[in-house]
Every structure is written in C-alpha cells, then in structure tokens.
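Here's what Swiss-Prot has on this protein:
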BINDING   His63, His92  heme b binding site
DOMAIN    2-146  domain 'Globin'
MOD_RES   Val1  N-acetylvaline
MOD_RES   Thr12  phosphothreonine
MOD_RES   Lys59  N6-acetyllysine
MOD_RES   Lys82  N6-acetyllysine
MOD_RES   Cys93  S-nitrosocysteine
MOD_RES   Lys144  N6-acetyllysine
Amino acid sequence: VHMTDAEKKLVTTMWGKLDVDAAGAETLGRVLVVYPWTQRFFGHFGDLSSACAVMDNPKVQAHGKKVLHSLGDGLNHLDDLKHFYAALSELHCDKLHVDPENFRLLGNVLVCVMSRHFGAEFTPQVQAAYQKVVAGVANALAHKYH
C-alpha cells in the first residue's frame, strides 16, 4: 500500500486509541448481520439466527478480535502486505474457500465501526488513510486467489 508518512501516522495514532477487542467483535458481528450470506463460513459458531444472537455470540466476538489483531499486526508491514498475509491468503483460499469479496466487506465495515467509535475525531483524512489500509489488506488476502 502506498501511503505517505502522514497517513501512516494517522493510522497508527488512531489504532493506538482503538479498543481492538471491542471493535473486532463489533466489526465481524456487523458483517454477519448486514451480509448474512457470509454466515455460511461460520456454521460452527452456533446460533446466528438474529442480530442479537450474532452480536452476543462469544465465538463471533473471539474471532472478530483475532481478525482485528491480525490487521493491527499488518500495520507494521504496510509496505509488504502481500508477503505478510501470504499464509492467511493461502488458508482462506485453499482450505476455507472464503469469497475474497468478504475481505473488502469486512474492511469497509471496520471503517464504519471506527467512525462510530471515534466520531468527529475520525476525520475524512483518517477515513481516507484507513480506506487505503483495508483495501491493501483485502488485496493481500485475495492474492492467492489470482
């Protein structure tokens, strides 16, 4: 991902203020509610029958935390996301058969969640920087599909 030093600073500063566990749980929960067809990859998570069931599901919350911690780790590798996420891309492509569009959906939902959490502090400049990050991560995760 091509980012200026100023954009990288915006991203890391906001990430440092984010409750990653809560944001991860909310992000994955929202993906599963807003895009219900994504639930097919999480049948082993138990009850996903309603928005409340999804948002309160401990397995959804735990996996959302895991996903966002991985994204946070990727922030240290913005110049080489494809290499950093190569193993995860292979796992999601070859073993889990996840539709790569889901990575884009999750990234966009994360941006919405961050906007909600940070309010006015999530300026258009911060949003633009995060859109670059989530697009870069989605592309890296989809890399093995090509």
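Each residue's number is its place along the chain shown, starting with 1.
Cβ coordinates come from backbone N, Cα and C, glycine included.
Taking the C-alpha atom of Lys82 (N6-acetyllysine) as reference, the shortest distance to any of the modified residues Val1, Thr12, Lys59 belongs to Val1. In the three-state DSSP reading, the residue listed as 'N-acetylvaline' counts as coil. DSSP classifies Lys59 (N6-acetyllysine) as helix under the three-state reduction.
Looking only at Cα atoms, the residue listed as 'N-acetylvaline' sits nearest to Thr12 among the recorded positions Thr12, Lys59, His63. Note: the Cα of the residue listed as 'phosphothreonine' and the Cα of His63 (heme b binding site) are spaced 22 Å from each other. In the three-state DSSP classification, the residue listed as 'phosphothreonine' falls within a helix. The local packing around Lys59 (N6-acetyllysine), expressed as other Cβ atoms within 10 Å of its Cβ over all shown chains, amounts to 14. Sequence-distant neighbours of His63 (heme b binding site) (same chain, 6+ apart, CB under 8 A from its CB) are Leu28, Phe42, Phe45.
The Cβ neighbour count for Val1 (N-acetylvaline), using a 10 Å radius over every protein chain in view, is 21.
For Thr12 (phosphothreonine), the count of additional Cβ atoms within 10 Å of its Cβ stands at 14 [all protein chains shown]. Of all Cβ atoms in the protein chains displayed, 16 besides its own lie within 10 Å of the Cβ of Lys82 (N6-acetyllysine). DSSP gives Lys82 (N6-acetyllysine) a helix state.
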